[in-house]
Amino acid sequence: MVRHQPLQYYEPQLCLSCLTGIYGCRWKRYQRSHDDTTPWERLWFLLLVCTFSLTLTWLYFWWGVHNDYDEFNWYLYNRMGYWSDWSVPILVTSAAAFTYIAGLLVLALCHIAVGQQLNLHWIHKMGLVVILASTVVAMSAVAQLWEDEWEVLLISLQGTAPFLHIGALVAITALSWIVAGQFARAERSSSQLTILCTFFAVVFTFYLIPLTISSPCIMEKKDLGPKPALIGHRGAPMLAPEHTVMSFRKALEQRLYGLQADITISLDGVPFLMHDTTLRRTTNVEHLFPELARRPAAMLNWTVLQRLNAGQWFLKTDPFWTASSLSPSDHREVQNQSICSLAELLELAKGNASLLLNLRDPPRDHPYRGSFLNVTLEAVLRSGFPQHQVMWLFNRQRPLVRKMAPGFQQTSGSKEAIANLRKGHIQKLNLRYTQVSHQELRDYASWNLSVNLYTVNAPWLFSLLWCAGVPSVTSDNSHTLSRVPSPLWIMPPDEYCLMWVTADLISFSLIIGIFVLQKWRLGGIRSYNPEQIMLSAAVRRTSRDVSIMKEKLIFSEISDGVEVSDELSVCSDSSYDTYANANSTATPVGPRNAGSRAKTVTEQSGH
């Protein structure tokens with residue numbers, strides 16, 4: 001009777017098992033392989049890198065446009081007919097997808113670092129394709145439907161590029177450990193040269209990126225202009241329902257420079273404040289008068305409009321995620337808000353703030369279609385509100401407006417040639433923050449034209465515009481921006497130059513050190529060991545050399561351990577092949593103790 005014990009025993013490799021198991025479901029030792037990665041799996045790795053780049057760009061873009069989330073929701077409301085905050089779910093989904101892809105990429109890089117064969121599991125491949133397709137569709141949709149918003153990406157880079165550059169240097173320096181390992185393992189000089197040239201071309205490209213960075217916040221502190229004046233967009237819509245008395249009062253409590261309002265005229269000729277064409281979003285008209293829900297707000301009498309509640313929607317939809325922060329008294333006050341008339345706003349703001357007024361055209365069959373401008377002007381003049389504090393944005397019949405109210409600040413909402421602006425006696429421009437460059441701001445200032453930019457909610461954007469010298473901004477988030485004491489960062493050019501040159505030198509020194517260390521660690525390794533000879537779960541091409549090497553390792557351990565029979569002591573090349581084929585599914589396992597040799601014990605009874 002013959003009893004056999006295992007030829008070898010290997011210690012468990014939990015980290016390696018988790019690495020290959022999570023990435024390719026290769027949890028067992030015999031499933032892992034140090035063979036070269038197949039071309040197909042290399043293609044999947046390339047696809048993984050591309051997906052990572054796209055999801056990173058998309059996530060950064062979606063974070064960058066958080067200043068315009070309300071605008072995005074408003075756009076979808078006009079398309080879909082009901083209000084919902086889509087921005088946060090998209091942000092959460094994008095972050096989750098990026099985290100998943102980043103995790104797969106880290107696992108793949110770890111495979112390369114330890115010399116394991118890449119074999120992405122089919123479930124991960126499906127997830128990769130779904131995320132890639134979804135990201136491409138999302139980016140294409142934004143490019144077609146929200147094209148101007150891509151300019152926000154470039155604007156945000158003016159504020160973040162100096163710091164993203166430092167992060168990129170950290171990443172490329174860490175990646176050099178893997179590249180240096182591949183360089184050290186490469187046996188051909190041509191392969192080493194290719195790896196070296198390609199990697200350092202990328203590295204030096206990263207080092208020179210700061211030469212292309214231009215930011216208004218890279219400036220001398222003494223050149224920083226005054227803080228931009230703040231204009232409350234429809235009051236303070238993050239603290240109270242927009243276009244209500246409470247909203248304007250909250251804005252005035254912050255001592256803002258001005259208030260912005262959209263003026264509509266009722267069926268019986270009363271100017272009131274409303275941004276939407278209908279009343280569905282900002283009132284309870286669907287509950288109180290369902291038959292009037294889709295009728296234009298301008299086609300209702302003021303007596304009907306006064307009966308509507310203009311505050312409950314704010315608590316229900318919570319458009320800015322701020323309703324929970326209201327005090328109990330503010331919560332009760334919000335529930336009792338009604339539509340605000342122009343006369344109420346004029347009385348509230350008189351002597352306290354300037355007004356940026358925009359008129360909305362009534363429907364074609366409105367009785368005041370031809371005279372709504374005169375009615376509005378008369379209401380402003382009758383209130384006694386100081387004319388020099390009114391910024392008049394409505395672009396039609398400006399000669400009539402200048403005649404009736406010569407003190408108004410004529411404000412244009414479009415970019416035009418300077419000759420046309422002067423011809424129209426334009427004193428101020430009201431533009432979206434993506435429509436004007438730093439150089440254009442300087443040009444307008446030299447022409448004695450003041451510029452107001454809308455809608456600026458994020459502190460980073462406010463800081464960037466502050467450094468650029470913007471005179472004033474319109475904001476939903478005035479209560480936060482009013483407390484910003486200075487730009488989030490400002491750096492003299494000399495200090496910035498010193499910072500990025502120092503960072504480049506440190507990175508380069510570390511990379512050289514890593515290459516030297518990896519060459520010293522791995523450059524002399526040319527022999528096989530039992531840990532590096534494993535069978536792959538995938539079908540591989542047969543290799544006579546590998547089979548013979550396995551047999552040599554096994555029989556060298558047998559000869560060192562105990563005596564064996566003559567039948568096993570002499571092996572020809574053909575016996576190697578026969579034995580290898582018979583044991584093609586067996587994998588040796590590592591030593592029980594580090595540095596110990598595997599032992600074989602063969603006991604034969606009757607001999």
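Glycine residues also receive a Cβ, built from the backbone N, Cα and C atoms like all the rest.
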Is it true that Swiss-Prot lists VAL114 and GLN518 on the same side of the membrane?
yes
If I look at Swiss-Prot, which residue among ASN301, ASN583 would I find recorded as N-linked glycosylation site?
ASN301
Nearest recorded site to ASN336 (N-linked glycosylation site) by CA-CA distance, among glycosylation sites ASN301, ASN352, ASN374, ASN448:
ASN301
Compare the Cα of ASN448 (N-linked glycosylation site) against each of the glycosylation sites ASN301, ASN352, ASN374 and report the nearest.
ASN352
Counts by DSSP class (helix H/G/I, strand E/B, coil) across the topological domain 'Extracellular' (147-160):
14 helix, 0 strand, 0 coil
Tell me, if you would, which residue among ASN301, ASN336, ASN352, ASN374, ASN448 (glycosylation sites) has the fewest other CB atoms within 10 Å in the structure shown?
ASN448
How many of the residues that make up the topological domain 'Cytoplasmic' (182-192) does DSSP mark as helix, as strand and as coil?
8 helix, 0 strand, 3 coil
Expressed to the nearest Å, what is the distance separating ASN374 (N-linked glycosylation site) and ASN301 (N-linked glycosylation site) at their Cα atoms?
19
